Amino acid sequence: MELRAFCVILLITFLAVSSQAAKNKKEKGKKGASDCTEWTWGRCIPNSKDCGAGTREGTCKEETRKLKCKIPCNWKKAFGADCKYKFENWGECNATTGQKVRSGTLKKALYNADCQQTVEATKPCSLKTKSKSKGKKGKGKE
């Protein structure tokens, strides 16, 4: 009888301690809630080179926070990594400049970034013209 009572007390103690530990862990995961609503975020600064993982600093009143961010390595540096644009198809090749042009309209500005409403992108004209395939290649009946 004493062994049974001891086991029950031990089990209850174990459950109480583990539930308290879980509660403390949950509270530790929550960061201090801020009453700030008007955050001003800076641009994403990469940790090395000009793309990849980095940090972004934000301020609100006297509070400062840093967030992890990522700059894609194929971004157009002239437009900024926080400005997302919807681009049209490439235009015809301009023989005098040797370039194609397309324009884009602002789709989304992340972190209140200062973005241009419309932008233009250029690329050199390709030297060869691509021929369209004349049919499916592969196995099959002719």
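Using N, Cα and C of the backbone, Cβ positions are placed for all residues, glycine too.
Close to CYS36 (disulfide bond) in the fold, though at least 6 residues off in sequence, lie CYS60, LYS61, GLU63, each with a CB less than 8 Å from its CB. DSSP assigns CYS36 (disulfide bond) to coil, not to a helix or a strand. The disulfide bond feature in Swiss-Prot is assigned to CYS36-CYS60 (among others); the stated evidence is similarity to another entry.
Look at Swiss-Prot and you will find CYS44-CYS69 (among others) tagged as disulfide bond. In the three-state DSSP scheme, CYS44 (disulfide bond) falls into the coil class.
For the recorded site, CYS51 (disulfide bond), the DSSP three-state label reads coil. Feature annotation from Swiss-Prot assigns disulfide bond to CYS51-CYS73 (among others).
DSSP assigns CYS83 (disulfide bond) to a strand segment in the three-state reduction. As annotated by Swiss-Prot, disulfide bond applies to CYS83-CYS115 (among others).
The disulfide bond annotation in Swiss-Prot covers CYS93-CYS125 (among others) and rests on similarity to another entry. Taken residue by residue with DSSP, CYS93 (disulfide bond) is part of neither helix nor strand, so it is coil. Counted within 10 Å of its Cβ, the other Cβ atoms near CYS93 (disulfide bond) come to 15, all protein chains included.
Look at Swiss-Prot and you will find 1-21 tagged as signal peptide.
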Count of other CB atoms lying within 10 Å of the CB belonging to CYS51 (disulfide bond): 16
Rounded Cα separation (Å) that holds between CYS73 (disulfide bond) and CYS93 (disulfide bond): 27
